[in-house]
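Enquirer: Structure in structure tokens, see below.
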């Protein structure tokens, strides 16, 4: 995609002045992170990295991503309710991947005891890149779906004003008017509020499971503030706090510090290093409760790479979403090529394909949080090591998406403004709420655009690679 900011990106003096104005506006709007030096304190903060200009995104692909989000919500919820599918899909993975196995063990314990919760809440973000087709036109391809701790809905609500400001400074008022309004935090809070309401106790609270060191706290506060505006109170606690002060009564109602909890919202618990033995016990306690969990353990498992790969098999979508051929077609149109690495002929063929053309593939473990995927020579070495080992079942292989690079200027604290070749990743936030078997809410609630220099193969904003951006529809 060509950029219409080309001439602006060549004027170094103008860029420096614009960058100063943009940073000041970002700080004024609350596009903030705590510093890496003081991740537990808000005494000193910095702006979150962002692009100086919004990046061009084809309107048709933006509309397609929005149109399919409610289908993805339904699909995740269908996987959540299909214990047999989850068990069959993850059977080889849990033998080789300890983290997935621990999550699945909690899932089995909860099923055996009987699921206490009647309200189910999903706050998802489906991420896409724009694949360059052979004829040069871009196509929407899903990278992953995040079913736990899908972040930046708060900060993404604050960046449109920054880009409108930059374009207004340049007297580009018509262009400024094309920046889409975007407020994911409001929509995410609506989902939490609906789950809280259905829980049915006006004195109950929302519990946000937080990390001790949380640089991205302002993103979370945006959702907390939306809830407080509805007179719904949020308490922030760590897994360690739950171990010490969490309990269930005989009806499996959850209490923390003596206060009843209606909804548990996880902003922690998606990576192995976030769990001590004590934390695993706390997670089990939360899962056994009748509070609505966002996500519950089955929904977290539904977001694994292995489930994503299995959903791409012929017939799987039809089995999970019977009688919904239009939804199935919309979903399938976004799938990239995904391959199992389970032991056997199918896995052997996938490895042979990747070794023959490594630039076309990416090797993905069952991990969230960014920066875990393997590319190029690293992938080749890993596949050679894994080729004859059952450990390979803990990975999947995915066809690499190759977007058309474009120029933009990246702004980061402590670094000069940098004009580089970039690629973008578009995320769409989705919310659904189910009460027992009845779906009471299913909607898309906003978007997130992240952009990074092309030399970075993997990693998001939190991993220090990508920066916040806005789509400029063309």
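From the backbone N, Cα and C atoms, a Cβ is placed for every residue, glycine too.
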Enquirer: In Swiss-Prot, the residues 144, 146 are said to bind Mg(2+). Which of 346, 368, 377 is said to bind at that same site?
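Expert: Among the candidates, Swiss-Prot records only 368 at this Mg(2+) site.
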Enquirer: Would you list the other residues of this chain near Mg(2+) - those whose C-beta lies within 8 angstroms of the C-beta centroid of 144, 146, 368 - in sequence order?
Expert: 125, 127, 145, 147, 148, 150, 270, 303
Enquirer: Around residue 368 (Mg(2+) binding site), which residues of its chain at least 6 apart sit with Cβ under 8 Å of its Cβ?
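Expert: Residues satisfying the criterion: 146, 148, 149, 270, 271, 303.
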Enquirer: Based on DSSP, name the secondary structure state of residue 125 (substrate binding site): helix, strand or coil.
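Expert: Strand, per DSSP.
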Enquirer: If you compare CA-to-CA distances from residue 415 (phosphoserine) to each of the binding-site residues 215, 365, 375, which comes out shortest?
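Expert: Its closest listed neighbour, by Cα, is 215.
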Enquirer: Round to the nearest Å and give the CA-to-CA distance linking residue 151 (substrate binding site) with residue 452 (ATP binding site).
Expert: 17
Enquirer: What is the interatomic distance between the Cα atoms of residue 268 (substrate binding site) and residue 365 (ATP binding site), given in whole Å?
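Expert: Residue 268 (substrate binding site) and residue 365 (ATP binding site) have their Cα atoms 19 Å apart.
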